[in-house]
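*Asks:* I'd like to ask you about the structure that follows.
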Amino acid sequence: SALGIVLVAINPYEQLPIYEQDVIYAYSGQNIGDMDPHIFAVAEEAYKQMARDEKNQSIIVSGESGAGKTVSAKYAMRFFATIGGSASDTNIEAKVLASSPIMEAVGNAKTTRNDNSSRFGKYIQIGFDKRYHIIGANMRTYLLEKSRVVFQAEDERNYHIFYQLCASSSLPEFKDLGLSK
């Protein structure tokens, strides 16, 4: 039988000191009910079950636009990168999170509810070796909101990449993209 843990998180729309490195270590090794509800508690439980049962684990992050789904997913990845460490000297956390600005430029847009709203779903796989160290990650996108390319509601914008390309159209590199016409 599958264990189902539900965490209801509220986006405070400001940075709070509850996602720092010391908080990660405070949740590491704890049981799910021993600490306050937190994305790190959910991540720790998934990590423990992966190690104990040697079975894949899933964390589903769901919510309305602007609820903080992308940020919650980043915090879960940061937790795994910190406690799962890297099997090599490369900074896996940096590599996993480095794709975010590129993904956000191509797949995020301004909506009436969120200036940086992800307009696609993400499926992120994080691979671990037998010592439970992170060895890599893979991110897939799905359900991209294609209608935004040709139409935006009032007070909304196209994907960020559209405006970034327009702003850089005078740069010499732009002609190599074949977008001038």
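Glycine is treated like the rest: Cβ placed from N, Cα and C.
Heads up, here are the entries from TrEMBL:
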- Gly63, Glu64, Ser65, Gly66, Ala67, Gly68, Lys69, Thr70: ATP binding site (BINDING)
- 1-181: domain 'Myosin motor' (DOMAIN)
*Asks:* Which one of the binding-site residues (Gly66, Gly68) has its C-beta surrounded by the most other C-beta atoms within 10 angstroms?
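*Replies:* Per the Cβ count, the most surrounded site is Gly68.
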*Asks:* Counting every protein chain present, what is the number of Cβ atoms, excluding its own, within 10 Å of the Cβ of Lys69 (ATP binding site)?
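*Replies:* Lys69 (ATP binding site): 19 neighbouring Cβ atoms within 10 Å.
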*Asks:* Give me the count of other Cβ atoms within 10 A of the Cβ belonging to Thr70 (ATP binding site).
*Replies:* 17
*Asks:* Given the recorded ATP site (Gly63, Glu64, Ser65, Gly66, Ala67, Gly68, Lys69, Thr70), which additional residues of the same chain have their Cβ within 8 Å of the Cβ centre, ordered by sequence?
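*Replies:* Near the ATP site, beyond Gly63, Glu64, Ser65, Gly66, Ala67, Gly68, Lys69, Thr70, sit Asn11, Asn114.
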